[in-house]
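Trainee: Once you've had a glance at the structure underneath, I'll fire off some questions.
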Amino acid sequence: MTNIRKTHPLLKIINSSFVDLPAPSSLSTWWNFGSLLGVCLGVQILTGLFLAMHYTSDTATAFNSVTHICRDVNYGWLLRYLHANGASMFFICLYLHVGRGLYYGSYMYSETWNIGILLLFAVMATAFMGYVLPWGQMSFWGATVITNLLSAIPYIGTDLVQWIWGGFSVDKATLTRFFAFHFLLPFIVTALVMVHLLFLHETGSNNPTGIPSDPDMIPFHPYYTIKDILGFLIMLTALATLVLFSPDLLGDPDNYIPANPSITPPHIKPEWYFLFAYAILRSIPNKLGGVLALVMSILILAIVPILHTSKQRSMMFRPLSPCLFWLLVAVLFTLTWIGGQPVEHPYIIIGQTASVLYFLIILLLMPMISMVENYLLKW
């Protein structure tokens, strides 16, 4: 008798995706982050759903409703901090996942890669709108500053900003719509994740060597299911440790002050996971130029496959490219640090140098070094 998991219309989809899926035998821990992102998304949707049951999206009561969740709702503090720090874990896994793709040449699967970029934008938009909801000082001023950037768009900019705000400033209408979109977007993200996986399973996974692994495949279950479960346990332990021991470590103290349109905080900055892009934005003195650089800092990932000049897919066996890759990582850490600093000397020039280096490495140095490596292969 044929196994039900191979014949049932629903079970056979799950079976071909998570049980009998042929996977390369050489996948390292870097391939764990896709499944970890799935767990993060699940945690965020569940905690967010329960938080939404107690939250009110009104400027008069939003801040107090979050306080009420933490003080009066059973385990409300746990839900709130799991959700806030879960977002941080989400972005850690997201950046490591993208970094893995860059290092091992996974971007050569262009459909999967492009859906991934869409996912990155969607998750960033979701996180930004979520940060506005507690209606603290940094929520209000972050929303004001970031949405106001759209006014740099010629002709339609000002109208666009007022349309997003629902008025002439960030107010009740803005908060209500941000809550609606913050609730909706994770489900759109979930749908995009399914499309992402659909395209991935069309080609099969890449592997650390970058060499086709068709002759050497193993079933996903039990090998990679066990490996993924270990990853879940490590990540959830890290998240629980963060939530239970220092839940406010990655947050901003200013967000415990209720939003006040008449008092500007000394340093307006987004959450840590946006600081690298914020530093690039601030490093350009022109408003429109800054906005374009901000968008390009993420959108540049879309042209990485076009800039691939190496004869080898992965950086595993390339002598020079990994040095540039780790320099890029160092530049991103520098930008993250600069994004959290005030706009003054020497931070301005460090930010500008790091921003130029970021684009230079991806657009020019990586393709050039790859061509040098191709030449070295002939020796």
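Yeah, the Cβs are placed from backbone N, Cα and C, and that goes for glycine too.
Quick paste of what Swiss-Prot says about this protein:
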| type | residues | note |
| --- | --- | --- |
| BINDING | His83, His182 | heme b b562 binding site |
| BINDING | His97, His196 | heme b b566 binding site |
| BINDING | His201 | ubiquinone binding site |
| TRANSMEM | 33-53 | transmembrane segment |
| TRANSMEM | 77-98 | transmembrane segment |
| TRANSMEM | 113-133 | transmembrane segment |
| TRANSMEM | 178-198 | transmembrane segment |
| TRANSMEM | 226-246 | transmembrane segment |
| TRANSMEM | 288-308 | transmembrane segment |
| TRANSMEM | 320-340 | transmembrane segment |
| TRANSMEM | 347-367 | transmembrane segment |
Trainee: Of His97, His201, which of the binding-site residues has the most Cβ neighbours inside 10 Å?
Mentor: His97
Trainee: Quick one: do the transmembrane segment (178-198) and the transmembrane segment (113-133) reach 3+ CB pairs under 8 Å, ignoring pairs fewer than 6 apart in sequence?
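Mentor: Contact between the transmembrane segment (178-198) and the transmembrane segment (113-133): present.
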Trainee: For the transmembrane segment (33-53) and the transmembrane segment (320-340), does the number of C-beta pairs under 8 Å, pairs 6 or more apart in sequence, reach 3 or more?
Mentor: no
Trainee: For the transmembrane segment (77-98) and the transmembrane segment (347-367), does the number of C-beta pairs under 8 Å, pairs 6 or more apart in sequence, reach 3 or more?
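Mentor: With fewer than 3 qualifying Cβ pairs, these stretches do not touch.
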Trainee: Looking at the binding-site residues His83, His182, His201, which has the shortest Cα distance to His97 (heme b b566 binding site)?
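Mentor: Comparing Cα positions, the closest of these binding-site residues turns out to be His201.
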Trainee: List the residues of the same chain that sit at least 6 positions away from His182 (heme b b562 binding site) in sequence and have their Cβ under 8 Å from its Cβ, in sequence order, or write 'none'.
Mentor: Gly48, Thr126, Met129, Gly130, Leu133
Trainee: Does the transmembrane segment (288-308) make contact with the transmembrane segment (226-246) through 3 or more Cβ pairs under 8 Å, each pair 6 or more apart in sequence?
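Mentor: Stretch pair does not touch.
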Trainee: Around His196 (heme b b566 binding site), how many other CB atoms lie within 10 A of its CB?
Mentor: 21
Trainee: Cα distance, the residue listed as 'ubiquinone binding site' to His83 (heme b b562 binding site), nearest Å?
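Mentor: With the alpha carbons as reference points, the distance is 30 Å.
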